[in-house]
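The domain 'RCK C-terminal 1' annotation in Swiss-Prot covers 204-286. The annotation domain 'RCK C-terminal 2' is assigned in Swiss-Prot to 289-374 on the grounds of sequence analysis. As annotated by Swiss-Prot, transmembrane segment applies to 15-34, 41-63, 78-97, 104-126, 165-187, 384-403, 413-430, 450-472, 476-498, 505-524, 539-561.
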Amino acid sequence: MELLRNLFEGYPNLWGGGVAHSVLILSLVIAFGIMLGKIKVAGISLGVTWILFVGIVFGHFNLNLNEHLLHFLKEFGLILFVYSIGLQVGPGFFSAFKKGGFTLNMLAMIVVFAGVIITLALHFITGIPITTMVGILSGAVTNTPGLGAAQQANSDLTGIDAPEIALGYAVAYPLGVVGCIMSLLGLKYLFRINTKQEEAEAEQGLGHLQELTVRPVSLEVRNEALHGKRIKDIRPLVNRNFVVSRIRHLNGKKESELVNSDTELHLGDEILVIATPIDIEAITAFFGKPIEVEWEQLNKELISRRILITKPELNGKTLAQLKIRNNFGASVTRVNRSGVDLVASPQLQLQMGDRVTIVGSELAVSHAEKVLGNSMKRLNHPNLIPIFLGIALGCILGSIPFMFPGIPQPVKLGLAGGPLIVSILISRFGPQYKLITYTTMSANLMIREIGISLFLACVGLGAGDGFVETIIHEGGYVWIAYGMIITIVPLLLAGFIGRYAFKLNYYTLIGVLAGSTTNPPALAYSNDLTSCDAPAVGYATVYPLTMFLRVLTAQLLILSLG
């Protein structure tokens, strides 16, 4: 009994002092939290956030860690978490602002800044400290990096931790998840959505998915001006990004053929074109008319295969440099990066981990496969240099002070913002400088989950001491209502703007709204409503900017009003 008492209370004996005690407490908090996160009520789970609540319970009963160790593990966990997020979202961060992505990100910004305005209004009306209100804001929008950024900013400003930030987050978080899902469901009935029609339009890329996905379309050549022209001569005339994957000539042949830049078109030829939905209408009008063709049945010798880019020397090279068509007689028709299909244009730079779709004969595709790699074993080997180099650079960037007018203290990006920005930049521009930034999804997820688990456990342990007293005696239960207001009002406002001003497809809209609250349970709910990828594409398009703004605004609120 004495041994167990010493172990749990952390007395400096028997098990090597406080180390065994700290590891035990931290491990139990994380393990119990993850187990509780498996529980679903009405199909909704709080996931790893249960770690925070278990930590609060442990902290309430004084099962805690050394103060300095607690602070270190919390910050280190936060760094791992935000850095892994940056690696994931970085490749698509800047491209998300192009064309339709710009509109979706504008809508997400409305959600973010509406929440900030409501938070400020409640702060001035009720007199609740801004530290508490920022915690409520982060919980209401289920944004853990925002919580970390707020705590970091407050620590830089005052030199001490503010447990009320974590308390506000913990109180608002559960209904932040539920409130977001209920808002998405409410919009469905308010807009009287015809689900079949919306899903059909989403499948065609209508409703601001036109620039964010690619689709195949079969066309018959009817434009007399194209008769006898080569593909490479036609591309500048169309002024659209597209790939002609296959062709069947009107010369009695029943089989389809691959296309290269010197292939000539003739009236009546049937072609398979890969392009973004917004370009398909113009491309169709230019070539002729859409038709239905079963391409797989026309030539059994042609196969289509997805191949992974796993050779480091290909990192940053363009498709034109690889000369797949000239060397092997196969065609690259599309490139999948981070779950999004891209048009395989000659200028597209490849990255480690890209999945390219190649069409050709079995022999040609096999030769191309050897050149590209397609070795999961090679991808599974972690590239640790960019991770730790990026974390080091992120810590340096996060420590640089920036002066803003009206803010008495210099603003620092901190240990949340610095590593996030560096990881986005490295993952986006690293391949151009031959820096391998790819990590497998499982490895990235492992880093992220370890980071968020450490962070939430430490936040809960630190906030547990005064949690019950705050809720019962200091009016903490009212924070729940404030959190619901911050959750629901911006979503409904943005929902109406997105539907009636931006004419968004419903499934795209709910994906954007889920992404603007960085809410994975809401995305899971949205995906369950439809078989199309519109919610996931909408979520992924706005997630990077939203995450960045949540971190930045949380810091600015603390530094300007703290």
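Counting begins at 1 with the first residue displayed.
Each Cβ is built from the backbone N, Cα and C atoms, and glycine gets one as well.
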Spatial neighbours of the transmembrane segment (450-472) far in sequence, C-beta under 8 Å, 6+ residues away: 25-26, 29-30, 33-34, 48-49, 51-65, 70-71, 73-74, 76-84, 144, 147-148, 151, 161, 163-164, 166-167, 169-171
Within the domain 'RCK C-terminal 1' (204-286), residues counted as helix, strand or coil by DSSP: 21 helix, 24 strand, 38 coil
Summary of DSSP states over the domain 'RCK C-terminal 2' (289-374), given as helix, strand and coil counts: 27 helix, 31 strand, 28 coil
Cβ contacts under 8 Å made by the transmembrane segment (104-126) with residues that lie 6+ beyond its boundaries: 96-97, 133-134, 136-137, 140-141, 208, 482, 485-486, 489-491, 493-494, 497-498, 502, 504, 508, 512-513, 515-517, 538, 541-542, 545-546, 549-550, 553, 557, 561
Segment-level pLDDT (mean, integer) for the domain 'RCK C-terminal 2' (289-374): 77
Feature contact check the transmembrane segment (539-561) with the transmembrane segment (476-498), CB under 8 Å, 3 or more pairs: no
Of 413-430, 505-524, 539-561, whichever stretch has the most CB pairs under 8 A to the transmembrane segment (165-187): 505-524
